[in-house]
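Record features (Swiss-Prot):
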ACT_SITE  Cys284  active site, nucleophile
BINDING   Ala150, Phe152, Lys176, Glu179, Arg180, Ser229, Thr251, Glu382  NAD(+) binding site
Amino acid sequence: MAEIRKLKNYINGEWVESKTDQYEDVVNPATKEVLCQVPISTKEDIDYAAQTAAEAFKTWSKVAVPRRARILFNFQQLLSQHKEELAHLITIENGKNTKEALGEVGRGIENVEFAAGAPSLMMGDSLASIATDVEAANYRYPIGVVGGIAPFNFPMMVPCWMFPMAIALGNTFILKPSERTPLLTEKLVELFEKAGLPKGVFNVVYGAHDVVNGILEHPEIKAISFVGSKPVGEYVYKKGSENLKRVQSLTGAKNHTIVLNDANLEDTVTNIVGAAFGSAGERCMACAVVTVEEGIADEFMAKLQEKVADIKIGNGLDDGVFLGPVIREDNKKRTLSYIEKGLEEGARLVCDGRENVSDDGYFVGPTIFDNVTTEMTIWKDEIFAPVLSVIRVKNLKEAIEIANKSEFANGACLFTSNSNAIRYFRENIDAGMLGINLGVPAPMAFFPFSGWKSSFFGTLHANGKDSVDFYTRKKVVTARYPAPDFN
């Protein structure tokens, strides 16, 4: 039996062993094969990374912006050349099918492309005459060392909306990726090095609680970007803010999709199946609840069940597989417990994912509950799995009222051909990202990922102009130039 490789942290341009003696297995969720072991690093590791990044900031922040942008452009080119390899790593670590993994790689590359526009993004503004012989200019500067805490479900896309932009704008970065998906991170580091990355500018420390707390507490780290669950995100925001750091915390979701009587049912069902069960439901933009008007509900449910029956479940590397496993055994057990809870509380189970449970991997099949109410646990909680709740409503107003009761407000979608309904939905729904006749309203890199309510803690969102503001600070220079006498 081959020896299992133990991974190292990446600090100051080198792969270095952690100070820890604790390692966790990284497991392919479709096969339970142990891929490698990842260190559960210590605060001492974070301190080394932070000191290194702080030292590197002194020179990196002074590098000309076009030079920094060229390195990001080189990185984008290398990522594009290695798309298939990156997608393969996502599939074996995360469980997504190959098509989904390639899609994630594409979104990650888009984020790097956006960051490569740093010269224009860094530009400030000026006013030639604010008083007699007085002008003012507003300049952007990087803020220092930034910490990023990323989740398992998008191991490329989410880190790539963090560190490329922060680094392009002149900061240095410490990434704590998910301990479930380290091999993808290794490949990102390898390609970033080839792109011309200087030592100390980008650092990777694997770990769990100690690493998170080290990032939140270290005085050299000036800002923190987090993506993950609500309980952890709330903790990160509170503790980071207490330590006077700039924090953006993107957390949980319970996204609602509204289907009106005039919706194109074929397109609607196709979109909802993809949104609810793609990536095994493990994404913060997944469709978790459908509220459907009563006049079309029976037909909608029939078509939905018919579509779901065609879903192929299995290893994401296999041809034709749509639904892969959830990330680990704990997630599988948690999902099964929610199915039991839904039954206990009176929801009608019309597609039972327990029928697809297998000992070969962490599989749970597509699960659909009908006749769900807002008092039920399966409506309230973020399940983060291939479980969809359906609520029948009288009209759009009732559907919006139900969605607005949720503590989460990442995204919401509407399927209709009525322009008045679209406008009413846009103006009255409490959610930060809306989709009209599409299932996943995740924005492109140049728009903010703008969750509301308990889906986001902070002021400046990830992506778009918000990310530029988050990773920079401003300096306003006011200057008087006495009028010269050229006569």
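A Cβ is built for glycine as well, from the same backbone N, Cα and C atoms used for every other residue.
What Swiss-Prot annotates, mapped onto the structure for a quick look.
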| residue | record | DSSP (3 states) |
| --- | --- | --- |
| Ala150 | NAD(+) binding site | coil |
| Lys176 | NAD(+) binding site | strand |
| Ser229 | NAD(+) binding site | coil |
| Thr251 | NAD(+) binding site | coil |
| Cys284 | active site, nucleophile | coil |
| Glu382 | NAD(+) binding site | coil |
Note = Pairwise CA distances across Ala150, Phe152, Lys176, Glu179, Arg180, Ser229, Thr251, Glu382 (listed as binding NAD(+)) top out, in Å, at 23
Message = Please give me the CB contact count at 10 A for Arg180 (NAD(+) binding site), counting all chains in the structure.
response = 19
Remark   = Looking at the binding-site residues Ser229, Thr251, the one with the fewest other Cβ atoms inside 10 Å is Ser229
Request  = Determine, to the nearest whole angstrom, how far the Cα atom of Ala150 (NAD(+) binding site) is from the Cα atom of the residue listed as 'active site, nucleophile'.
outcome  = 13
Request  = Would you mind reading off the Cα separation of Glu179 (NAD(+) binding site) from Cys284 (active site, nucleophile), to the nearest angstrom?
outcome  = 19
Note = Smallest number of other CB atoms within 10 Å: among the recorded positions Ala150, Cys284, Glu382, that is Glu382
Message = Give me the CA-CA distance between Phe152 (NAD(+) binding site) and Cys284 (active site, nucleophile), in Å, as a whole number.
response = 12
Message = Please report the Cα separation of Thr251 (NAD(+) binding site) and Cys284 (active site, nucleophile) in Å, rounded to an integer.
response = 8
Request  = Identify, in sequence order, the residues in the chain of Lys176 (NAD(+) binding site) that are 6 or more apart from it along the sequence and have a CB within less than 8 Å of its CB; answer 'none' if there are none.
outcome  = Gly147, Gly148, Ile149, Ala150, Val204, Val205, Tyr206, Gly207, Val211, Val212, Ile215
Remark   = Rounded to a whole number of Å, the separation of the Cα atoms of Glu382 (NAD(+) binding site) and the residue listed as 'active site, nucleophile' comes to 9
